[in-house]
């Protein structure tokens with residue numbers, strides 16, 4: 001028997017990159033997976049590689065709380081419960097304050113911060129009612145290490161880390177777990193234009209394995225934070 005048999009998982013940002021790798025691994029380990037993201041075609045491409053009776057595609061814009069609420073409801077209606085929510089949707093755009101790209105700042109704040117909060121708001125009532133569940137937020141090393149071109153992005157990922165820390169304290173002794181995972185540079189379409197040629201990258205699968213590690217600890221153990229760096 002696989003380790004997540006019949007667990008019900010929602011993964012945002014599941015159409016590509018880290019989210020796709022997480023969704024695929026959870027499905028391989030027996031979970032029923034709801035794939036969420038903006039691009040329906042990309043989500044469907046991922047779903048087509050998985051067993052159709054244990055996957056559901058729900059196009060979702062995480063910056064719209066009504067859509068996130070509907071995503072969580074759809075997961076429960078389709079599979080009869082909610083055990084795992086992975087906040088993997090993220091955005092990395094121009095981040096220098098002195099570039100004055102306010103629209104891009106707003107977009108990152110909406111996706112990276114508000115999206116994380118909206119998903120927690122939608123999922124936690126069910127998890128608290130059943131005294132179980134696991135919320136995992138994908139943050140970033142950039143939340144701790146700021147470069148001259150990453151200021152706004154780093155600030156949003158630092159916020160994701162802080163949100164997770166606060167939730168860990170709020171949810172203590174409730175049976176609901178929360179984890180923050182902070183990867184270094186990961187080889188995805190998003191990072192392709194940002195990465196210096198001499199900088200090592202992680203693979204999306206590496207982050208998926210970190211998620212699985214957090215999810216498969218004993219019931220009395222909560223992994224609060226994981227940092228993943230390339231060697």
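Cβ coordinates are placed from backbone N, Cα and C, and glycine is handled just like the others.
Quick caveat, the model's predicted, so the values are computed rather than measured.
Annotated features, as they stand in Swiss-Prot:
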- 10-34: NADP(+) binding site (BINDING)
- 140: substrate binding site (BINDING)
- 153: active site, proton acceptor (ACT_SITE)
Self-check item: Spatial separation of the residue listed as 'substrate binding site' from residue 14 (NADP(+) binding site) - C-alpha basis, Å
Solution: 17
Exercise. Using a 10 angstroms cut-off on Cβ to Cβ distances, just flag whichever of 14, 18 is the loneliest among these binding-site residues.
Key: 18
Exercise. Using the structure shown, find which entry in 10, 22, 26, 34 (the binding-site residues) has the sparsest Cβ neighbourhood within 10 Å.
Key: 26
Practice problem: Compute the C-alpha separation of residue 140 (substrate binding site) from residue 153 (active site, proton acceptor), stating it in Å without decimals. | Solution: 9
Practice problem: Round to a whole number and give the Cα-to-Cα distance in Å for the pair residue 30 (NADP(+) binding site) and the residue listed as 'active site, proton acceptor'. | Solution: 34
Quiz item: Where residue 34 (NADP(+) binding site) and residue 153 (active site, proton acceptor) are concerned, what is their Cα separation in Å, rounded?
Solution: 27
Quiz prompt | Spatial neighbours, same chain, of residue 153 (active site, proton acceptor) - Cβ under 8 Å, 6+ residues apart | solution = 92, 93, 95, 108, 112, 140, 142
Quiz item: Once the chains shown are all counted, how many other Cβ atoms turn up within 10 Å of the Cβ of residue 30 (NADP(+) binding site)?
Solution: 14
